[in-house]
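Lifted from Swiss-Prot, the feature list:
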DOMAIN    18-125  domain 'Rhodanese 1'
DOMAIN    154-274  domain 'Rhodanese 2'
ACT_SITE  CYS233  active site, cysteine persulfide intermediate
BINDING   ARG238  substrate binding site
Amino acid sequence: MARCDVLVSADWAESNLHAPKVVFVEVDEDTSAYDRDHIAGAIKLDWRTDLQDPVKRDFVDAQQFSKLLSERGIANEDTVILYGGNNNWFAAYAYWYFKLYGHEKVKLLDGGRKKWELDGRPLSSDPVSRPVTSYTASPPDNTIRAFRDEVLAAINVKNLIDVRSPDEFSGKILAPAHLPQEQSQRPGHIPGAINVPWSRAANEDGTFKSDEELAKLYADAGLDNSKETIAYCRIGERSSHTWFVLRELLGHQNVKNYDGSWTEYGSLVGAPIELGS
């Protein structure tokens, strides 16, 4: 898949802010970032309240996703440009959702909010609303989603990529250092997993590294291209960034995101765990 099929540059974005059938959507770890300022005309998706089921641990189903996008003014035929802070961390998570529910025209703004701000491009604090649509999501494409039992069966059979920090991988901490150290019952990693922190795929300005650099990054870590791959992190958001790199940029077709990730796996009774690097 060519990069232009899944990425747009900041120059392209600034030239197409008001293009018909193009919708800019901001998704951030810091859900208040959009409220301070955002790309003019962009709408907000809150990863906690919009994309997660309010009761059970799962993301919104197809009906809920359809309702959400209809209310936000996104149509099935629109080209959705996702962006956010911190190397498009949660924007990539939302990209995976859109692909899961069959949206055909969805891309990431390469560099996200970080590069946009580094370039000195304009931001707006004006409220944004769009006319309501009648969006219809497709049934979920579970060929890009891994579940617990598949992960257990994949140990020493498929590629397992742990995209968390080395300290999380080794079991020193349970979550990113800036977050509460809670949720999973045990630290460590899935046996046989290789550790390639997700952020190593990005340049200093938040853009993705070249295909050649990315291929070398995973090859040097021991990724076997002949095997299927499952990526995981803590709750599935950082691993969606790695899923994007492997599948959408490098063209690996058999790649899944395990969104249950360590908060599920690290609390399973009897599941094998390794400590150390």
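Positions of Cβ are set from backbone N, Cα and C atoms, glycine also.
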Q | Secondary structure of the residue listed as 'active site, cysteine persulfide intermediate' (DSSP, helix/strand/coil) | A | coil
Q: Compile a sequence-ordered list of residues in the same chain as ARG238 (substrate binding site), six or more apart from it, whose Cβ lies below 8 A from its Cβ; state 'none' when nothing qualifies.
A: TRP89, VAL163, ARG164, TRP198
Q. Average pLDDT across the domain 'Rhodanese 1' (18-125)?
A. 96
**Q.** Long-range Cβ environment of the residue listed as 'active site, cysteine persulfide intermediate', under 8 Å and at least 6 residues apart
**A.** ASP162, VAL163, ARG164, TRP198, SER239, SER261, TRP262
